[in-house]
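Undergrad: This is the structure, below, for whatever I ask next.
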Amino acid sequence: MRRSIFGFLFVSILIVGCMGGELKMKYYEKRCSSVSVETTVRDIVWSKVAANPAMAAKLLRLHYHDCFVRGCDGSILLDPVQNSTTEKTAGPNRSVSGYDVIDEIKTALESDCPGIVSCADILALAARDAVSFQFQKEMWPVFTGRKDGAVSLASEVGVNLPSAGANFTTLVTQFGNKGLDIHDLVALSGLMDIETIWAHTIGTSRCVLVARRLYNFTGVGDADPSLNVTYANELRKICPNPQIPTTTLEMDPNSSLSFDSDYYQALNQNKGLFVSDAALLTNPQSAQITQVLQNPSVFFARFARSMVQMGAIEVLTDDQGEVRTNCRVVNKQ
């Protein structure tokens, strides 16, 4: 299986190179000779996750939400200015967090290597390191050299981020629009989010997002027939009707703070929390992939490959963008 893991990563490396050759390993090695950018990011992220394990899901989600809107350009980090509404103000992003960790990393790097390290690269590295803390080793390679975007529009979020209520056709289309295939869709299904933390392998959700599946799936007071009956009854105990907006529940029962393949085991028992989870079982190819990903070694390898793919979506390089000195605002011209 070790050969298989490196095989997936090697393919990922080739793909990133084919997408334009802009992103590189060790991009900052000579540009920031006084400090190791990767070590700085890792040390801060690992300290945050050690203090709060839920931070892993938050940073992973932050990177995903950034990449699916305008590519991995750090545009989600921009604060609204005057009457403008940026990505972070859009409904699907209002519960996104982790911005303070990115700010802390940026401040440290600006002190040691001013004007060099992009916020987009910090996001990509922080997401990898957040997951890697559990294993105390890097779980996938992060290619760097991204530049930061100067445009962030709330109106672009809803049409680009996959929804918890999306069917299979919609999911395939949305991932395909970003250059990702069905294997990426299934491997990254735990990252999809529309209103709350949806990092299934290491996350929690709110009852309000599953209420329709439990109490009014087709509008006549029924439950979603694709949901495991025993699991549905358990969910109703946690999420009585009417819902309390603040009530949370684990997306991956018994392992919401761990990064593992248990999500796929639950999925194949019809215990996926959202409509889009169940959607993966409606297509023969994706259903077969969910079975294969129950094997932890295969899951880790394919997830690593897909994270490299996702991290290369519509990246800006060289003079296509800038390196913000403050991740929350564009540089003054």
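Each residue, glycine too, has its Cβ placed from N, Cα and C.
Okay, these came from TrEMBL:
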- 1-20: signal peptide (SIGNAL)
- 22-331: domain 'Plant heme peroxidase family profile' (DOMAIN)
- Arg61: site 'Transition state stabilizer' (SITE)
- Pro162: substrate binding site (BINDING)
Undergrad: From the Cα of the residue listed as 'substrate binding site' across to the Cα of Arg61 (site 'Transition state stabilizer'), what is the distance in angstrom?
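TA: With the alpha carbons as reference points, the distance is 13 Å.
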Undergrad: Mean pLDDT, the domain 'Plant heme peroxidase family profile' (22-331)?
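TA: Computed over the domain 'Plant heme peroxidase family profile' (22-331), the mean pLDDT is 89 on the 0 to 100 scale.
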Undergrad: Specify the count of other C-beta atoms within 10 Å of the C-beta of Pro162 (substrate binding site).
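TA: I count 26 other Cβ atoms within 10 Å of it.
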Undergrad: When a 10 Å sphere is centred on the Cβ of Arg61 (site 'Transition state stabilizer'), how many other Cβ atoms does it contain?
TA: 27
